[in-house]
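Q: The feature region 'Disordered' is assigned by Swiss-Prot to 36-68. Per Swiss-Prot, compositional bias 'Basic and acidic residues' is recorded for 53-68. Here Swiss-Prot flags 86-106, 116-136, 649-669, 686-706, 717-737, 771-791, 809-829, 837-857 as transmembrane segment. For Asp211, Asp573, the entry in Swiss-Prot reads active site. Residues or ranges marked as substrate binding site in Swiss-Prot (evidence: sequence analysis): Asp412, Asp414.
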Amino acid sequence: MASPASVAGGGEDSNGCSSLIDPLLVSRTSSIGGAERKAAGGGGGGAKGKHWAAADKGERRAAKECGGEDGRRPLLFRSYRVKGSLLHPYRALIFARLIAVLLFFGWRIRHNNSDIMWFWTMSVAGDVWFGFSWLLNQLPKFNPVKTIPDLTALRQYCDLADGSYRLPGIDVFVTTADPIDEPVLYTMNCVLSILAADYPVDRSACYLSDDSGALILYEALVETAKFATLWVPFCRKHCIEPRSPESYFELEAPSYTGSAQEEFKNDSRIVHLEYDEFKVRLEALPETIRKRSDVYNSMKTDQGAPNATWMANGTQWPGTWIEPIENHRKGHHAGIVKVVLDHPIRGHNLSLKDSTGNNLNFNATDVRIPMLVYVSRGKNPNYDHNKKAGALNAQLRASALLSNAQFIINFDCDHYINNSQALRAAICFMLDQREGDNTAFVQFPQRFDNVDPKDRYGNHNRVFFDGTMLALNGLQGPSYLGTGCMFRRLALYGIDPPHWRQDNITPESSKFGNSILLLESVLEALNQDRFATPSPVNDIFVNELEMVVSASFDKETDWGKGVGYIYDIATEDIVTGFRIHGQGWRSMYCTMEHDAFCGTAPINLTERLHQIVRWSGGSLEMFFSHNNPLIGGRRLQPLQRVSYLNMTIYPVTSLFILLYAISPVMWLIPDEVYIQRPFTRYVVYLLMIILMIHMIGWLEIKWAGITWLDYWRNEQFFMIGSTSAYPTAVLHMVVNLLTKKGIHFRVTSKQTTADTNDKFADLYEMRWVPMLIPTMVVLVANIGAIGVAIGKMAVYMGVWTIAQKRHAIMGLLFNMWVMFLLYPFALAIMGRWAKRPIILVVLLPIIFVIVALVYVATHILLANIIPF
């Protein structure tokens, strides 16, 4: 077994910082995002958990005996598999449940006896679908694998004694769509965390894609570059974590792991004051830009339109104007590429504020900052802009001309680097001697630091991130999840993995577009070991940059099809990963003890459901496209194909769940109505199958390192989604098939803490939308059914047989189960009253009693009028 340092990633960075397995730093994670999950027994990197065993002892022993004399790269990550004492019972239960499900199907077909035959037919179809979808979900989970980067080995291999590095280049992409829905402060904190990451400054570059073309984001990026001259050296000098200033300064008592503790308190105070001033400048930007533009426009010069938006250098902004006109509005403007910070080897090209003026001593600290570039792709109503995928492809082309790094990692603007070693961690998998050359991308789990403590709407989704994704890691690899994922540039270009790759590949303009510099960059990228210093940026080069991000550049090329991120689908991430896996590449799942990245999640129910509609609708779009897992992906492994098939059809399950969830209205029928006879045996079968699936879930909880609360929240939100978002997605898909109109892309609104003193204010705001109607109907139907059931029991208690009473209790338990699953939705309806959930606990029994009394009174009244 390896030492803790080699498992979690140890050693010291270039500034003498302690590794991230240092006890002080690990203990302090209780104050930051993700700590509660870790404390609960899960999370990410717990490789030494009692249910996991090292799976690569033989490989490591052989590598140690060789001592690196064969010239091969070292082993840079550790692999762990679930111990047989847990894995074998887990697999056995899956087979046992499969047999039980088949026996249940056979029994139902033989006993086609029901009071409502059409409902029986639909319920049998539903049960068959439940069994099929469960099997698709379960089969890929037979061999979970946890992979942990070995940062110590990476440093020994890549950080040379003379201060140079073997590390490859990384281009970091950040995408934002709108400065209103996605607050500028979030975006700039993301950029700052990237600039301060522990990676050689001359081997990384950051590209911000602004899909709105707004001047405020460019000028905010300039302000961020100025503040970075203070923030980045401060992070390096004092080894702070996390390196997003907003998150760092929210910590009540951050632990210190640097080597200049005497200076830390004073430095931290100065930087905090500078950060507060930085935020004030960001908040003032809209008014600053407006006033400046008014001044220039009032001069009545002969330059352009009278209501132009002006930059600080006295030129008109080529993007979206405050008062939009043709060619200067959102959705119609020229492409823009501006190098805010040039490559460190040439120095920075801005008159940036000198951090030494703040009385901070950075003499022993590297004060250089990575390259920083603003990109706003051109938009034109005559061309489809292809949403996020189009923005990423524009960044991919612009970065190819500027830095052309071998690897690319992308972030949504509301995420930030929470662990400064994260970029190095991903590189461990890309450079490993075993599967490194065949690894197309490394996906990290998504973690969130703005979620309410009880995670009402299952935002952490740990059943998926710590369960399903580890299972896929044992196959061809996890799917791409849209953010926090490092790609090999060649894989995005549609190049096959080494085993399948042809010799002498010649990039063609029909595939990559009509840009000589871009085609040359593709040839350079094929030489994977080469690191090239970016060319100087002159006027001719700028024109070429603006051409490759123009609205029409990828027209009649392979961009969005066989090259880059995939177009014409709402879930461009899943389909892009599918296309790459289909070429024979594999992917890896990187878990770290200290979460690599953190972000914000929609804690408002309506916003969360809108997000689910887009994801699930995009999954259905994938099924009805040429990327259908049944026919696409010629080199997909069989179980990897099964997992992708499950990702594309899971929303259909909601139709049958909705059918069952609404069935309690049958309590309103005076006579007894049974879906299946004999009813008792039917219920016993159901209970056995349900019990077995929860036993399997219990074993998954064990090896995934999650809690019962995580599992239960997943069940609850799946029920809420199955009565709202998933049926809506199915309806959208039907409309799409009939009208050829795709799923509408809607940017998820983010709440800033500055908007209110209550961090979780959005949680208690109920925004009614039509998709919530079915959920409300199900909730009311089950509340009414429970009340009617109580009333019926009061009326017929002396008449019913023991079997009838038993059947009534069984039906009542089903109603209660649905109510428990919809509990978060009931809290959402209560709004701010949900802060006192005891109100719901008291209110529901009162409603049950009222409904029961109404039923009894109605029964007595009708009995006197209409004799039975």
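Each Cβ is built from the backbone N, Cα and C atoms, and glycine gets one as well.
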Q: Counting only pairs 6 or more apart in sequence, are there at least 3 Cβ pairs under 8 Å between the transmembrane segment (771-791) and the transmembrane segment (649-669)?
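A: Result for the transmembrane segment (771-791) with the transmembrane segment (649-669) is yes.
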Q: Could you measure between Asp211 (active site) and Asp573 (active site) for me? Cα positions, answer in whole angstrom.
A: 18
Q: What whole-number Å value do you get for the CA-CA distance of Asp412 (substrate binding site) and Asp573 (active site)?
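A: Asp573 (active site) has its Cα 12 Å from the Cα of Asp412 (substrate binding site).
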Q: Okay, the transmembrane segment (686-706) and the transmembrane segment (86-106): do they have at least three CB pairs under 8 Å, pairs separated by 6 or more?
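A: Per Cβ check, the transmembrane segment (86-106) touches the transmembrane segment (686-706).
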Q: Do at least three C-beta pairs under 8 angstroms join the transmembrane segment (809-829) to the transmembrane segment (649-669), pairs 6 or more apart in sequence?
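A: Contact between the transmembrane segment (809-829) and the transmembrane segment (649-669): present.
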Q: Which state, by DSSP, holds Asp412 (substrate binding site): helix, strand or coil?
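A: Note: Asp412 (substrate binding site) is in a strand by DSSP.
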Q: Where, among 116-136, 717-737, 837-857, do we find the most CB pairs under 8 A to the transmembrane segment (649-669)?
A: 717-737
Q: Same-chain Cβ contacts of the transmembrane segment (837-857) under 8 Å, 6 or more residues past its ends?
A: 783-784, 786-788, 790-792, 794-795, 819, 823, 826-827, 830
Q: What does the structure give for the C-alpha distance between Asp573 (active site) and Asp414 (substrate binding site)? Integer Å is fine.
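A: Counting only the Cα atoms, the answer is 17 Å.
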Q: Take the Cβ of Asp414 (substrate binding site) and count every other Cβ within 10 Å, whichever protein chain it belongs to.
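A: Result for Asp414 (substrate binding site): 22 neighbouring Cβ atoms inside 10 Å.
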Q: What's the number of neighbouring CB atoms sitting within 10 A of the CB on Asp211 (active site)?
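A: Step by step: centre on the Cβ of Asp211 (active site), count other Cβ atoms within 10 Å, giving 24.
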Q: Return the count of C-beta atoms lying within 10 angstroms of the C-beta of Asp573 (active site), excluding that atom itself.
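A: Excluding its own Cβ, the number within 10 Å is 24.
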Q: Can you tell me how many other Cβ atoms are located within 10 Å of the Cβ belonging to Asp412 (substrate binding site)?
A: 22
